[in-house]
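Right, one structure below, let's go through it.
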Amino acid sequence: MGAQTPIFFEWYWERLGNFKYAFVVPVVANATHGFLYPAGAAQDVQDNWCFHLLLLGALRYICQQLWTSYSRLHCLVKKHQINACGIEFEQVDREFHSDNHMLLQLLFLLAAHSWLPGFSNLPMWNMRGLIILLLLHAGPVEFLYYWIHRAFHSQPLLFQSYHSFHHLSVVTEPPTGSVTTMLEQVLQTGLIGVVMVGTVMLGGGSISMIYIYLLAFDSLKCMGHCNCEFIPATLFQLFPIAKYLLYTPSYHSLHHTELHYNFCLFMPLYDYLGGTVHPNTLPFFASLRKGKAEEELVPDFIFLAHCIDVLTSLHVSFCIRTLAAYPFTPHWFLWLLWLPTLICLFPFWMWAQTFVAYQYILDNLNCVTCVIPRHGFQYFLPFYKDNINKHIEKAILNADAKGVKVVSLAALNKNEELNGGGALFVEKHKDLRVRVVHGNTLTAAVIIKQLPVDVKEVFMTGATSKLGRAIALYLCQRGVRVLMFTKSKERFDKIAKEAPQDMRHNLIQVTKFQAGQNCKTWLFGKWTLNADQRWAPPGTNFHQFVVPAVNGIRKDCTYAPVAGMMLPKQVIGVHTCEVIMPRKAVHACHAGGLVHALEGWKHHEVGAVDVDRIDVVWEAAMKHGFSSVT
């Protein structure tokens, strides 16, 4: 933060990074000691206070995660979603420390237990106390919060110095509700203290009071920011008074777009009494509950992806949003989730259908990335071939029926052995209106443009694949010698015959890696063992079009990134990284489908890559603002 940062704007412990959790260690030690040595434990250990605080903290994290997962599950929220796009990486970064309030309130509860009379040895349950708690919240807390919140909006100094930070998020998510300045959370924690201390002083304190109030408080905060109007209209029709007692997600979303309305915490009663209910509140709620028309939900472009392996299954926006906002890295803590994730994948493989992972807008295109419920290893099992093709075919036919313009196939979904690069579906359904695109033309262009402009010779594995063939033919026609690593004379000869007669001498079949020991430009189109890379001379530039990417083990060589493209600057709503790609970058085949849709081309791009169109597609990508990943 800068020198002019207002006092208590910054959460000072954020400067410590993950070390901000260090003060939780004594709490864990205290709780552990109480279990191991209950007889000789101190008073604060005997009532398991630290254990309850840790359990409560875990439940609060789970609560926020469940609400976040719900808000990002397109299949659940699509019809009543308030804002379909608008969340960006900057917002996810800004909301990273959405647990600050939990840590602050943990300190408050530790202090209350040590210093305030009546906060130790509480009973587990006290029904009278829960009634007192409800009355204290509905009265003093809601009243005070309303006027404090209204003051933070009506006083320019308070809004500009503090509350504007929370309102940087116009399209909200569950963690948004907890992302405020330190001053605001201190005030909010004070209001929570009014309820808890008041209940204890009136003789109604209990352990369940703390669990119920804080979990309900968090849940209602998350609900108001979940960006989906799921509250049924029948609730307010059967109980008209409910509109004064319970706010809704659409009610609070209006507060984020129209700053001077709907200030309440959870009870709109105080907005009605204060005359600050937005006039469009009820019509907005009714329109959202009516739901979006089916045609409003139809995308223009679908990128049909697939799962890769167990760990990367967690790299979807509805699992761990902060993880998905960065290129995938197998962090140590993910390995702790490997077995539970694998167990969950078995029912996923049995019953899951193709689902929407995320959506975004590019120019006038409504774009979504859908995922086939199959993992990489399954594509290499012969008995899964028909099953996978059925999933892809169903997705294409559903897109065609709805009026989608382009379906682009990712990686293994266009495998030659699986469906001939998508040709199987086009040949089977000759009247398809949706354009099926494998995107390999742009992938080939990206790889070619990565090569040095003065390259004279390249060594290539996977040389007879769709991409290998296209790259080899393109380069040989421009006078580049291509050492094609393949043991199939038949496949090599077939490709060589496609080259112009006077250029065929540039295509050379090789069967050993030693053939590339004097070549400083290598292209990997097939998985290559680490030992095979040692044949490359020092200073070699490695390029690749293989999934998964080869290991970068040579410190004396350089490795070009996997073929990808940065999305144009005008893209809206991208908040998830495409596996290992940088932020706002997609694999080249994904970009190829987008270019196809943006250009409005009417042909399918399936089967073999048309070498003559490589430059055409590249120039179209440049025209629309795409750029190479560096």
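Keep in mind that glycine also has a Cβ here, set from the backbone N, Cα and C atoms.
Look at TrEMBL and you will find 102-122, 129-148, 191-216, 332-352 tagged as transmembrane segment. Among the features that TrEMBL reports, domain 'Fatty acid hydroxylase' is placed at 138-276. Marked as domain 'Very-long-chain aldehyde decarbonylase CER1-like C-terminal' by TrEMBL: 458-627.
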Outside the transmembrane segment (102-122), six or more residues from its ends: residues with CB under 8 Å to it: 13, 20-21, 23-24, 27, 43-44, 46-47, 49-50, 53, 57, 60-61, 178, 185-186, 189, 192-193, 196-197, 200-201, 205-207, 209-210, 214
Long-range neighbours of the transmembrane segment (332-352), counting only residues six or more past its ends (CB under 8 A): 310-311, 313-314, 323, 373-375, 378
Tally of residues which DSSP labels helix, strand or coil - the domain 'Fatty acid hydroxylase' (138-276): 97 helix, 1 strand, 41 coil
